[in-house]
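Participant: Residues or ranges marked as domain 'Neurotransmitter-gated ion-channel ligand-binding' by TrEMBL: 24-110, 115-203. If you look up TrEMBL, you'll see 204-227, 233-254, 266-291, 345-363 marked as transmembrane segment. Under the heading domain 'Neurotransmitter-gated ion-channel transmembrane', TrEMBL lists 212-301.
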Amino acid sequence: GRLLVCVGVAGRVGVLGLELRPPTYDHHLPPRGPDGGPVIVAVSLRINSFAEVDEVNMRVVFDVYLRMEWLDPRLLMPSDLFNNTKPYLTLSGDIAHDLHLWQPDPFLEESMFLITMKCSMYHNKFPFDEQSCQFLISSYFHSGQDMVFTWKGQGITANPLIPDMLPNFHFTFKQYNITVCRCNTCLNVERACLKAQMKLERRYLNYLMGSYLPATLFVGVSWASFFWPAQAIPARTVLCITSLLSIISLYANVQQIIPPTNYVRAIDIWFIFCICAVASSLFEYAIILMIREKRTTDSTTVVKVVPSIDNTISSTGPASGRPTGVATNLRWKRLEILVERTTKIVYAVIFVVFTIVYFSLLIK
């Protein structure tokens, strides 16, 4: 008879002493599949828990239960086994080894049990990034002509409590119907394999509330300084400088809790723009103070002094070609008002446009 063998890493069945192998059985050779083709090994994987998502070392650590099923027509199925209620036998890997049965030789590339899987992570869109990790199960020895892997049922299932274990990520798996992989440096160029992709989509609400919103408020505070009278020098200066120092301090704190990179991330662009926006309000006020100083200096009447014949000094009034003090004062005053009004509008428009473009490009 034919026997469907199910092997897992847990769940032993006491079958020691049961002779399933015919005399000609060779456990080194794989069985043949239907029509003499490669044996089909159905794989299912259950993710029990996540131990760690290490973004610094770019690795994901999780606990899995691996189960494989295949049909071995060479094995003997006793007629009274399980009272013929099911045509398969469930064994642990150790028992299958003790019985000297043929077993597939899968291994998870770049990983181990408890699986520590390498995952190349790119944080250029942080904190709106999605990380994709390739999950590849391959045969260590057999080629695609001897053995074929396939997903059984849903293929990969996960503990429903995983969302609580990964508060910062939304976790999904996608299986692919790829059964053969090429490896030019391996003994078999075309190996039996099975591929899946794990996607970790970052939850960014805490970054919006803890980083983006405070930075926006500091920019708003610096913009409010444009509505204060220019003569309130201490108050307006302290307001701009305090906003600038606060947003720089916030950015420094954020840098301590996010993955370090040698390239610019989305959150870096946001903070750099906000810092420049706050600093520009301070530069604008410096320009206003320069205009007011110029207005005070040039508003005085210029007097031309000439000596008389008897060596006495006399004045002749305003110097030729120079505007009067009243005209100069009016000109600088109009320039000051123009700069203040224009800055209010331009400052707000630029920040709103930048915010819309920024989030529209990053948030899906």
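Every residue, even glycine, has its Cβ placed from backbone N, Cα and C.
Those TrEMBL annotations? Automatic predictions, nothing curated.
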Participant: Can you work out the mean pLDDT of the predicted model over the domain 'Neurotransmitter-gated ion-channel ligand-binding' (24-110)?
Facilitator: 78
Participant: What is the three-state DSSP composition of the domain 'Neurotransmitter-gated ion-channel transmembrane' (212-301), stated as helix, strand and coil residue counts?
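Facilitator: Tallying H, G and I as helix, E and B as strand, the rest coil: 72 helix, 0 strand, 18 coil.
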Participant: Per DSSP, what is the residue tally for the domain 'Neurotransmitter-gated ion-channel ligand-binding' (115-203) in helix, strand and coil?
Facilitator: 4 helix, 54 strand, 31 coil
